[in-house]
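Report on the following structure.
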Amino acid sequence: MRLRNIPDALERIQNQNLLVKTPWNIDDSWIIEIGMGKGKMISQLAFDNPNKNFLGVEKYPSAAVKAIKYVKKYNLSNFFILISDAKDLLDRIKGKASTIWLTFPDPWPKNRHYKRRLTYKDFLEIYANLLVKDGILKLKTDNLKFFEFSIESLKENGWKITYQTNDLHNSLVNSSNIKTTYEEKWVNLNYKIHYLEAIFI
């Protein structure tokens with residue numbers, strides 16, 4: 001579905017004091033979601049973990065502005081937004097996080113676009129530099145081919161997969177899973193969600 005443009009989206013995010021100034025300094029208390037969309041999952045994580053800090057990275061202000069309603073709903077003070085393309089994160093963030101989430105990234109299914117996939121080696125190198133030692137990269141996707149590509153890419157580029165499942169909602173980790181807006185849509189259509197956790201070694 002096409003994202004409706006909201007002309008004043010960036011201004012509205014700024015007015016809520018959610019927009020970070022770059023370079024933004026972080027430490028191991030931070031958890032990052034890349035491609036947070038409307039922010040449903042990360043805002044719930046922020047509410048459930050008040051002693052952690054959360055940074056939602058989103059390329060499109062018109063999507064990110066939707067997170068404001070969750071900030072108000074949960075009265076969050078530990079959640080912030082960075083408007084950025086993933087390829088620019090090492091210039092925008094200084095320090096290392098404990099966890100990075102990739103939630104339903106564009107699978108770029110055409111072979112000629114494989115370098116755009118967020119689990120291509122160039123992006124994995126960025127994540128490795130943004131995570132503390134033994135920091136965790138977590139991936140959720142509904143696209144099996146993208147999931148299989150991601151597994152191979154991780155293995156080929158110095159990562160160890162510590163957990164994986166092709167059916168997240170019938171897995172051991174489902175009890176702690178928080179659904180994204182996109183995830184809820186596909187689960188209602190009986191799609192299986194693929195999930196993995198990995199560390200850089």
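For all residues, glycine too, the Cβ spot is worked out from N, Cα and C.
The model shown is predicted, which means the values in this text are computed figures rather than measured ones.
What Swiss-Prot records for Glu33, Glu58, Asp85, Asp106 is S-adenosyl-L-methionine binding site. Around the Cβ of Glu33 (S-adenosyl-L-methionine binding site), 23 further Cβ atoms fall within 10 Å across all displayed protein chains.
Sequence-distant contacts (6 or more apart, same chain, Cβ under 8 Å) of Asp106 (S-adenosyl-L-methionine binding site) comprise Arg116, Arg117, Leu118. Swiss-Prot lists Asp106 with the feature active site.
Long-range Cβ neighbours of Asp142 (substrate binding site) (same chain, at least 6 residues apart, Cβ-Cβ under 8 Å): Phe104, Glu183, Trp186, Tyr191, Lys192, Ile193, His194. Secondary structure from DSSP puts Asp142 (substrate binding site) in coil. Per Swiss-Prot, the feature substrate binding site maps to Lys110, Asp142, Thr180, Thr181, Tyr182, Glu183; the stated evidence is sequence analysis.
Close to Thr180 (substrate binding site) in the fold, though at least 6 residues off in sequence, lie Gly37, Lys40, Met41, Thr103, Phe104, Lys140, each with a CB less than 8 Å from its CB. Residues near Glu58 (S-adenosyl-L-methionine binding site) in space but far in sequence (CB under 8 A, at least 6 apart, same chain), listed by position: Gly35, Met36, Gly37, Gly39, Ala64, Ile81, Leu82, Ile83, Ser84. Comparing the binding-site residues Asp85, Lys110, Thr181, Tyr182, Glu183 by how many other C-beta atoms lie within 10 angstroms of each C-beta, the top residue is Glu183.
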